[in-house]
Structure formats: structure tokens, C-alpha cells
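Some features that TrEMBL has for this protein:
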- 93, 96, 133, 136: Zn(2+) binding site (BINDING)
């Protein structure tokens, strides 16, 4: 549902409308890539200073319910939100905080092994792997 007309239609069917605040929150998530609610709020307040964190949380909840954004816990802090344009797994560097993405297919062998050995169905789209990124590893070698 990336089309703005279908989003408005879906909201209208639920007795809701696409408010300027909701649009600003969606636009901020798109622009920021992976962002906490607080980061989204700061971005939105750059355009609409009266929007508060409660409005941002409510908008994010609704946008997630509609399948437009997804939250992921990348560490011990607040969840991060990203636009649902493609399924991916997050790679979070625990040194510099950099977030990268890889296709969920990267974990197909692991998912199949878990299914076969444990009967466990992996939801890789809600997964963040923690480690050290290439840049941080390169500084270790120096």
C-alpha cells in the first residue's frame, strides 16, 4: 500500500483520514530510514513544531497496523521504525551504531534448519543481528 490514494481510501474505510501529522510521520520514517520515535518526532517538529511524541507514537502504531512501517528492536533502546518496501534483516554494529540491511533470503538455510530440527518458523523480517561492521573491523586491523 505505497500509493497515497490507496492509503487515504483505507483510512476512509476505517472512518479515519490522512492527517497532516500522519503524513509527516510517514515522510520522516521514509527519509530517516531506520529511526526511533524520538528521532521521528524531532524530524517532524522541524516542519510542525506543535507535533508531540504522543502523536508520533499513535501515528507509528497506525502506520504499522496498515503495513506501511515496521518496528524492530535493534538493541536495548527504543524500537526503530522503517518503511516496509522490502523484507530484510537488520545488521546492527554494536560499536558505531550503523544499521545495514540484507535480504531475508540470506537466512534461508538457518530458517530451514530451525524448521526441520525444531519445528520453528522464523520471522526474519523482525530480526536484528548484532556484530561489528566492516568499517569498525577495518580500524581494528590498523
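Our numbering is plain: 1 for the first residue shown, then up by one each step along the chain.
Cβ atoms are placed via backbone N, Cα and C, with glycine included.
Packing around residue 136 (Zn(2+) binding site) is summarised by its Cβ count: 14 other Cβ atoms lie within 10 angstroms of its Cβ, all protein chains included.
Taking the mean position of the Cβ atoms of 93, 96, 133, 136 as the Zn(2+) site, the remaining residues of that chain whose Cβ falls within 8 Å of it are 94, 95, 97, 98, 132, 134, 135, 137. Shown are the binding-site residues 93, 96, 133; of these, the residue with the fewest other Cβ atoms within 10 Å is 96. DSSP assigns residue 96 (Zn(2+) binding site) to coil, not to a helix or a strand. Following the DSSP three-state reduction, the secondary structure of residue 133 (Zn(2+) binding site) is coil.
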